[in-house]
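S.K.: Take a look at this one; I'll ask things after.
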Amino acid sequence: MEMFQGLLLWLLLNTGGAWASRGPLRPLCRPINATLAAENEACPVCITFTTTICAGYCPSMVRVLPAALPPVPQPVCTYHELRFASIRLPGCPPGVDPMVSFPVALSCRCGPCRLSNSDCGGPRAQPLACDRPPLPGLLFL
């Protein structure tokens, strides 16, 4: 009987983890298309553009006794490989750099958040938007 209980526990633990990570409510960390905004205070317009960013679920843990042990670092969905692309803001006055660079995700991974190249905050209620009049969107993939 003990052997049967052990086997049942092993099956539940092993298949439960795989099922939870593949569920439709938890898409794994991957590149997705996102629309972002680019503007410069000195230029009269804002451009929205579509690029690829990293988004999705990364497995994490929370300690049962948080006061007794140091916190566990929580992984975030972040860039593994990326390249940079640039767009030119139209209508900028002379002497103002009209170029805006942005990252394009080629592949993603779950890892520690590095504030030097990632926004580690949670989901936003409102997407990043333009303060200036927008031009029609561009597509950069």
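Cβ atoms here come from the backbone N, Cα and C positions, even for glycine.
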S.K.: In Swiss-Prot, Cys110 sits in a disulfide bond; tell me which of Cys54, Cys58, Cys130 is on the other end.
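M.R.: Checking Swiss-Prot, the candidate bonded to Cys110 through a disulfide is Cys58.
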S.K.: Which of Cys29, Cys43 is the other half of the disulfide bond that Swiss-Prot records for Cys92?
M.R.: Cys43
S.K.: Need the cross-check against Swiss-Prot: the disulphide partner of Cys29, picked from Cys77, Cys113.
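M.R.: As annotated by Swiss-Prot, the paired cysteine is Cys77.
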S.K.: Tell me, from Cys46, Cys54, which cysteine Swiss-Prot puts in a disulphide with Cys130.
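M.R.: Swiss-Prot annotates a disulfide bond between Cys130 and Cys46.
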S.K.: If you measure from the Cα of Cys113 (disulfide bond), which of the recorded positions Asn33, Cys43, Cys54, Cys77, Cys130 is the nearest?
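M.R.: Going through Asn33, Cys43, Cys54, Cys77, Cys130 one by one, the closest to Cys113 (disulfide bond) is Cys77.
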S.K.: In Å, rounded, how far does the Cα of Cys29 (disulfide bond) sit from the Cα of Cys58 (disulfide bond)?
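M.R.: Approximately 6 Å lies between the Cα of Cys29 (disulfide bond) and that of Cys58 (disulfide bond).
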S.K.: Whole-number Å distance between the CA of Cys77 (disulfide bond) and the CA of Asn33 (N-linked glycosylation site)?
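M.R.: Taking the Cα atoms only, Cys77 (disulfide bond) lies 14 Å from Asn33 (N-linked glycosylation site).
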